[in-house]
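Engineer: Dumping the structure here so I can ask a few things about it.
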Amino acid sequence: MNREQLAVYFIMGSGNTAGRDPLAVLGSALRGGVTCFQLREKGPGALKGEPLADFAAGCRDLCRQYGVPFIVNDDLELAVATGADGLHIGQEDGNAAEIRRRIGNRMILGVSAHDVNEAAAARSAGADYLGMGPVYGTRSKPDARAASGTELITSAKSAYPDLPIVGIGGIREDNAAPVIEAGASGVSVISAIAHAGDPERAARELRQAVREALEPGKVSK
Ligand code: 3NM
């Protein structure tokens with residue numbers, strides 16, 4: 001995976017779209033220019049079994065149409081069964097080095113990290129990128145830790161400059177720039193796109209905000 005693919009990293013499960021068809025929301029997000037997608041099927045009413053496999057296949061097919069990596073959260077079997085491009089795991093989802101051995105080097109491995117020690121461990125386990133947060137307050141993860149601001153991105157970036165980081169937690173178009181300025185390659189969002197009245201437009205605006213922050217002065221409005 002290249003760093004540019006982390007710029008606007010959309011995360012969604014079937015329960016995140018405020019009653020709208022999740023595949024329609026994903027299609028809009030892709031049209032708007034998200035650069036990566038993670039299927040994160042969690043919480044009450046989460047799909048399981050065949051409905052989950054069908055939904056995952058639908059997400060994968062849409063991502064393929066747009067040439068966007070399709071990543072599965074925390075479900076190695078589903079990731080392998082759907083031919084996902086990658087797997088993302090949290091600190092509680094198993095041993096990252098062991099998972100890397102099981103998926104091999106061709107699959108992307110993302111790991112959530114909340115401090116520099118977790119970043120170091122994820123790096124030596126073979127993570128391709130880190131998700132670090134919550135940067136701002138979030139309502140999308142009931143068990144999220146307290147918001148940390150951009151500090152933890154700054155410190156992980158200075159310790160491991162080559163390891164790509166995406167910030168997560170409460171990020172929107174109007175607060176994305178500090179996350180990039182702290183050293184992140186991109187931003188991960190659920191609600192900024194999945195809850196937006198117009199997900200395509202929200203994705204486009206977020207992409208523009210990230211581009212401007214990555215290359216100040218180079219992007220025409
Ligand atoms: N992980 P929103 S915060 C899935 O801090 C997730 O590890 C987090 O959703 C972490 O963009 C979070 O709606 C939720 O705030 C992000």
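Here the Cβ of each residue, glycine as well, is placed from N, Cα and C on the backbone.
So TrEMBL lists the following for this protein:
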type	residues	note
DOMAIN	8-193	domain 'Thiamine phosphate synthase/TenI'
BINDING	Gln38, Leu39, Arg40, Glu41, Lys42, Asn73, Ser112, Lys141	4-amino-2-methyl-5-(diphosphooxymethyl)pyrimidine binding site
BINDING	Asp74, Asp93	Mg(2+) binding site
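How about a rundown of where these features are and what they're close to?
Structural biologist: Sequence-distant contacts of Leu39 (4-amino-2-methyl-5-(diphosphooxymethyl)pyrimidine binding site), defined as residues of its own chain at least six apart whose C-beta falls under 8 angstroms from its C-beta, comprise Met12, Gly13, Phe55, Ala56, Cys59, Phe70, Ile71, Val72, Asn73, Ala84.
In the three-state DSSP assignment, the secondary structure recorded for Asp93 (Mg(2+) binding site) is coil. Under a cutoff of 8 A between CB atoms, and with a sequence separation of 6+ in the same chain, the neighbours of Asp93 (Mg(2+) binding site) are Asp74, Ile99.
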Engineer: Where does the mean pLDDT land for the domain 'Thiamine phosphate synthase/TenI' (8-193)?
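Structural biologist: Its mean pLDDT is 97.
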Engineer: For ligand 1, list the binding-site residues among Leu39, Asp74, Asp93, Ser112, Lys141 whose CB atom is within a distance below 6 Å of it, in sequence order.
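Structural biologist: Correct list: Ser112, Lys141.
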Engineer: For the binding-site residues Glu41, Asp74, work out the Cβ neighbour count at 10 Å and name the residue with the minimum.
Structural biologist: Asp74
Engineer: Where does Asn73 (4-amino-2-methyl-5-(diphosphooxymethyl)pyrimidine binding site) sit in DSSP terms: helix, strand, or coil?
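Structural biologist: Once the DSSP labels are grouped into three classes, Asn73 (4-amino-2-methyl-5-(diphosphooxymethyl)pyrimidine binding site) ends up as strand.
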Engineer: For the binding-site residues Gln38, Asn73, Ser112, which Cβ has the most other Cβ atoms within 10 Å, all shown protein chains included?
Structural biologist: Gln38
